[in-house]
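Can you keep this structure in mind? I'll have questions shortly.
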Protein chains: 2
Amino acid sequence: MLLKSYNIAIVGPMGMVGRKITSILAERDFPINKLKLLGTEKNKGKKVTFKERTIYTEVAKKGAFKDVDIAFFCAGNEVSKDLAPIAIEEGALVIDNSSRWRMDPKIPLVVPEVNPEDLDWHQGLVANPNCSTIQMLVVLKPIHRRYGIKRVVVSTYQAVSGTGKRAIDELNSQVEDYISKNRITNSVYPYQILFNALPHIDSFLDTGYTKEEMKMIDETKKILGKDIQVTATTVRIPVFTAHAESVNVETKLPMDIDDLTTILNYSKGIKVLDYPGKNIYPIPINCAGKDHVFVGRIRKDYSIENGVNMWIVADNLRKGAALNAVQIAETLIDRDLL
Amino acid sequence: MLLKSYNIAIVGPMGMVGRKITSILAERDFPINKLKLLGTEKNKGKKVTFKERTIYTEVAKKGAFKDVDIAFFCAGNEVSKDLAPIAIEEGALVIDNSSRWRMDPKIPLVVPEVNPEDLDWHQGLVANPNCSTIQMLVVLKPIHRRYGIKRVVVSTYQAVSGTGKRAIDELNSQVEDYISKNRITNSVYPYQILFNALPHIDSFLDTGYTKEEMKMIDETKKILGKDIQVTATTVRIPVFTAHAESVNVETKLPMDIDDLTTILNYSKGIKVLDYPGKNIYPIPINCAGKDHVFVGRIRKDYSIENGVNMWIVADNLRKGAALNAVQIAETLIDRDLL
């Protein structure tokens, strides 16, 4: 059997997620005929190595998508807003990493382990959820299916790589300033992130919530069902890669913690790491670079009738962004939806 | 009027909390006649400066408390268990920072802003609550008084100084190893704490909870009332000083968020820092060294009828330990209970 191969474009190939998509496509041997890297004027001609071939970055503009089957967009909301409709018109299927189209009721918002069936009604664009939403939903879905989720209270511990390379550089330079006893300066975040915790991710809305918190709330409802109640507090901590989440879940049906753990263990995309007596629980430095969503500290919440507490960790650039986008493409192919 | 002054002993004067008690007694001009520093054999004769006087550490043992009015114990559970009864017998009032006596129903567990009246029934020993409990309760009490608290879901972001000086040294040496590109080693915590988050504070119980989590649950019930439901996830992050907490509260009565903020603003020991649009919210590096409990990110939780989310930060060594202990002593004097 001859496998079909595809013409792929990455819009925003020089950003952290764009680079990660390129490397994940190579790792997973995605069936690629031609890979186009579409960046800004400034990045035109920049070289990227893909499977020992050299690819020169072209400019992302009208006309660039005519021979493209799948276009990964990871250049922010403005580029997605302006260029995604053009890419669709020119015949590409767009997998969009920005938040621009996520809450549009005509756009499927998909985590392949959670709601692959929503791909069936795509109209040329599929939205990739927010990083902290994705990892939470991979774990919540099997719980919801079995016990029915009523309410979720989540507090996050998020890595600086979610902000981009300049935030990684800022944390590194703050470490250097600290060691050299220089004054620690900041420009990416409103305060020093080294040795600190900032309850502030993305911008604030009039309600007092951040956009990041509302993404976790609204995207969860869109994907799992709007009768699920969610509240969130999102916090940046001095970690480079992998977001952690303290998640409290109330279900409709009573849970048996052993059964719940077994269900999670057998669910796609999840690894349970939960032998606290042996210090086995997920931690960011060990989950960075991995594909799975890791869950541990699974324990009954005695403060309500049907409650459980969990600690969920995943690589925010991989499962939280690039990997999920590539998995969306793979699932579209599997389901013959291209 | 001649103010009475007291003979004070500090058991464990070389630890982080012991040193902090000494400096806070000086700062607050506590009415001291004589200050005794009672340590191990090893620390005998060590010098400490107190208000320009030099004090030589003596050995903490039977007989050392005969002339002592108030003894601050901050040398761990074993020392409190063995020596506190002796100190009481010799006539001292013990303010104990360990967890040894906290849950004993005959021992008052006190945060002076929250339940000073519990000092009235002391029998020679008053227990100082756990650091993460204290800062949470200072904020929960005025909410409970006005609206009646049903349930609390808390996730913590705790500083390494809670573990002691060796944890501060470990974080610092990990920073140095990182900069010198050496392998990062650990001995205090089971994993590297730099650029990481460990959902593990104190040891694990068979239930899957840590002792730290159970302290937050049990101590809150003992102090605020046993019908209050609490669940907790406690997490260590790479911060030197000041614990932060993401606290979700459900109340019996409906809350108006503006009224709630006003109530907190006028409550003793609390400072509200809550102008998110201007990036004003409490953060660990700014709360370290301060006496207040800081609260911000106060916002309605839309996932339940009467819910609020908050972000609470305080210096874990000051209000979380040493300051609260000294305030207990001050309140005992005020209430004529010595």
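The count begins at 1 with the first shown residue.
Using N, Cα and C of the backbone, Cβ positions are placed for all residues, glycine too.
Because the structure is a prediction, the values reported are computed rather than measured.
The domain 'Semialdehyde dehydrogenase NAD-binding' annotation in TrEMBL covers A:7-122. Among the features that TrEMBL reports, phosphate binding site is placed at A:Arg102. Annotated active site, acyl-thioester intermediate per TrEMBL: A:Cys131, in sequence order. Under the heading substrate binding site, TrEMBL lists A:Gln158, A:Arg236. Among the features that TrEMBL reports, NADP(+) binding site is placed at A:Ser161, A:Gly162, A:Asn316. If you look up TrEMBL, you'll see A:His243 marked as active site, proton acceptor.
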In terms of Cα spacing, which of the binding-site residues A:Arg102, A:Ser161, A:Arg236 are within 10 angstroms of A:Cys131 (active site, acyl-thioester intermediate)?
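For A:Cys131 (active site, acyl-thioester intermediate), the binding-site residues whose Cα atoms are within 10 Å come to none.
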For the domain 'Semialdehyde dehydrogenase NAD-binding' (A:7-122), jot down how many residues DSSP puts in helix, in strand and in coil.
34 helix, 32 strand, 50 coil
Would you say which of the active-site residues A:Cys131, A:His243 has the most Cβ atoms within 10 Å of its own Cβ?
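Neighbour-count leader: A:His243.
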Excluding A:Ser161, A:Gly162, A:Asn316 themselves, which residues in that chain have a Cβ inside 8 Å of the centre of the Cβ atoms defining the NADP(+) site?
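Here the nearby residues are A:Met16, A:Cys131, A:Gln158, A:Ala159, A:Val160, A:Thr163, A:Thr241, A:Ala242, A:His243, A:Leu317, A:Gly320, A:Ala321.
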Quick one: Cα separation, A:Arg236 (substrate binding site) versus A:Arg102 (phosphate binding site), in Å?
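A Cα-Cα distance of 23 Å.
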Through the lens of DSSP with three states only, how would you label A:Arg236 (substrate binding site)?
strand
Around A:Ser161 (NADP(+) binding site), how many other C-beta atoms are within 10 angstroms of its C-beta?
25
Spatially, which candidate from the binding-site residues A:Arg102, A:Gln158, A:Ser161 is nearest to the residue listed as 'active site, proton acceptor', comparing Cα atoms?
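For the residue listed as 'active site, proton acceptor', the closest Cα among A:Arg102, A:Gln158, A:Ser161 is found at A:Gln158.
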Give the distance between the Cα atoms of A:Asn316 (NADP(+) binding site) and A:Gln158 (substrate binding site), rounded to the nearest whole Å.
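Cα-Cα distance, A:Asn316 (NADP(+) binding site) to A:Gln158 (substrate binding site): 8 Å.
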